[in-house]
Amino acid sequence: MSVDQFDQPPKARDFVADKGRRQRRPFSKVLIENGAVPKTKVLDAMVTARDCGVTLDRVAVAENLATSKKVLGLTARNFGIKPLDTKAFPADPAIGGLLSPETCLTFGVVPWAYQDGLLIVAASSPFGYDACRPLLEKKGIAPAMALATEEDIEGLIIQRHGAALAERAETHVPQDLSCRDFAMTSPLSIAIASAFACLNILSLFLYPQLYFASLVSIAVGALAVTQVFRIIVALKSPKFQHETAPRRLGERPVVSVLVPLFDEDAIANSLVNRLKRLDYPKACLDVLLILEKSDQKTHDMLAQSDLPGWMRIVTVPEGTVQTKPRALNYALNYARGEIIGVLDAEDAPAADQITRIVDRFARSPPEVACLQGILDYYNPTANWLSRCFTIEYATWFRLLLPGVASAGFAVPLGGTTVYFRRAALEHVGCWDAHNVTEDADLGIRLARYGYRTEMVGTVTLEEANNRPWPWIKQRSRWLKGYLQTWLVHSRNPKRLLRELGLKRFLGFHALFLCSSLQFLLMPVLWSFWLVVAGLPHPLDGFLTPDVRYGLTALFLSSEALSVTIGAFALARSPHKTLMPWVPSLLLYFPLGCIAAYKALWELVRKPFFWDKTAHGTSQPQSDTHV
């Protein structure tokens with residue numbers, strides 16, 4: 001943009017605060033003198049600003065003392081200028097590279113145009129401008145400030161750098177630790193997959209008993225390893241003690257909570273209301289509702305919602321894949337917090353969840369980079385499927401996963417109610433945009449980099465997927481992601497062993513490989529019900545009766561162990577009335593076999609396809625306080 005364009009009326013000087021036009025009064029006095037906010041509330045806001053380490057203008061917006069537009073107008077008037085008229089004075093596209101997109105997003109600033117030898121920097125707050133000014137002065141650039149809304153500034157950042165940020169969101173993780181090259185589209189990949197399939201079919205027809213015996217050996221081995229692992233971690237599992245209320249914190253860190261949404265117009269308003277119940281100081285809370293550009297329905301629904309000042313919408317531009325981890329990577333650029341949390345669209349977190357997370361991080365050593373909360377359901381008795389799913393979640397989040405962490409194994413994270421130290425998250429490369437269980441993969445990567453994950457006794461209630469086909473679709477995505485994660489981290493076994501150590505190395509294979517094989521080879525194990533029923537078995541004449549009966553006993557004992565562990569976990573949960581339904585898990589887990597073969601097919605044909613779970617189909621029950 002030329003200097004002449006700025007000299008036309010209205011004059012650009014009306015919008016620019018140069019060195020001769022500095023702030024006249026502290027912003028606290030501006031709020032009081034203009035009658036915008038009562039004095040007592042301003043004093044309280046000043047204390048909050050000090051405790052949270054944030055600026056007073058941000059507290060005013062977050063605590064709903066004034067709108068962002070009102071704060072911007074008061075701030076501009078205090079500098080003797082007007083808020084920048086972005087339509088009258090559009091930004092100069094030629095100067096977009098003077099500050100990196102990371103700097104622009106961190107400080108809420110953007111290079112706007114040159115005027116009279118000064119670089120006009122549009123800022124949403126004078127504090128952000130003051131923080132970035134030394135960076136420009138080191139380059140020999142003389143800056144001057146103009147004030148604009150956050151929407152205008154972020155809109156220009158997206159216009160200038162959106163494509164680069166979107167591309168980087170897909171490649172955060174180093175190539176050798178990502179599954180982004182798993183697309184089997186090359187002729188060689190297709191030939192290898194076809195040859196493997198043909199070899200199996202040929203073996204089945206030429207040597208049926210030998211082939212079946214081989215499958216039995218693999219299935220029994222995976223079963224034995226998995227069950228031994230489950231016994232070990234169940235015995236190591238600590239019982240969550242009733243936690244006292246967290247101590248009153250001094251300076252509170254800013255916590256950013258990322259909430260990815262896609263086609264969630266049915267529950268968007270409920271989500272906003274549930275998040276409003278969080279009791280962490282709102283000036284220290286930064287909630288990002290992450291929407292895909294194509295998701296107009298959810299955009300429209302949230303546009304009708306009265307979002308508080310501490311909630312923002314981040315729109316993810318289109319890319320080569322559309323996955324939750326890609327959206328998280330993109331939105332992380334906009335996050336302000338030093339602690340990063342992830343919640344899902346249907347979540348109802350405990351009101352004191354953020355407070356407990358902050359308190360736990362404050363009491364933990366730096367190597368504890370991640371805290372995983374407990375997941376439970378708010379529709380546990382909607383039908384048989386939701387009852388079984390609730391028992392399974394109790395087994396995983398209240399018994400086995402705490403045991404995994406307590407025993408010192410690498411922890412496969414859950415996709416929600418998970419919180420990170422931001423520095424550690426960025427150190428390990430954030431999320432793999434192409435892995436459809438980005439949470440489990442990230443948990444292993446944290447362990448490889450030397451970080452630890454601990455469980456924390458805060459509960460988030462979710463919606464149990466209680467319809468058969470949606471359940472299978474969701475489970476197939478989880479199993480596909482587990483296979484992706486195992487393949488990625490097994491590329492270099494020696495390096496994996498060196499970075500994890502022997503115990504965690506073995507635990508990784510037990511969790512990801514053996515559990516996946518169990519689902520895939522479940523029909524092979526079912527064949528031993530024939531022995532129980534006194535019917536002929538495919539391996540009659542190939543195995544001795546003693547071996548055959550021994551394998552049958554192993555199979556039956558594993559079924560009994562699954563029921564026992566489920567009952568033991570349920571006893572730790574609020575759902576003890578579901579105890580009579582625990583034996584029906586024997587009918588529930590076979591659904592996972594269907595999901596496993598769907599996952600295997602997709603791993604070959606469309607590895608990055610995100611088979612989304614529909615939410616809002618089952619309402620919370622009255623006794624869950626949601």
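Every residue gets a Cβ built from N, Cα and C, even glycine.
Nobody curates TrEMBL annotations by hand; they come from automatic prediction.
Here the structure is a predicted model, which means the values were calculated and not measured.
Taken from TrEMBL, the feature compositional bias 'Basic and acidic residues' applies to 10-20.
Per TrEMBL, domain 'Type II secretion system protein GspE N-terminal' is recorded for 79-160. Taken together, the residues in the domain 'Type II secretion system protein GspE N-terminal' (79-160) have a mean pLDDT of 88 on the 0 to 100 scale.
Here TrEMBL flags 339-530 as domain 'Glycosyltransferase 2-like'.
Among the features that TrEMBL reports, region 'Disordered' is placed at 1-21.
Among residues of the same chain six or more beyond the transmembrane segment (188-206), those with a C-beta under 8 A of the stretch's C-beta atoms are 604. Taken from TrEMBL, the feature transmembrane segment applies to 188-206 (among others).
What TrEMBL lists as transmembrane segment is 212-233 (among others).
The annotation transmembrane segment is assigned in TrEMBL to 505-529 (among others).
What TrEMBL lists as transmembrane segment is 549-571 (among others).
Per TrEMBL, the feature transmembrane segment maps to 578-600 (among others).
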Tally of DSSP helical, extended and coil residues in the domain 'Type II secretion system protein GspE N-terminal' (79-160): 37 helix, 18 strand, 27 coil
Interface-richest range of 212-233, 549-571, 578-600 toward the transmembrane segment (505-529), CB pairs under 8 Å: 212-233
Cβ-Cβ under 8 Å with the transmembrane segment (578-600): same-chain residues at least 6 beyond its ends: 380-381, 384-385, 387-388, 390-392, 468, 471-473, 475-480, 483, 516, 519-520, 522-523, 526, 559, 562-563, 566-567, 570-571
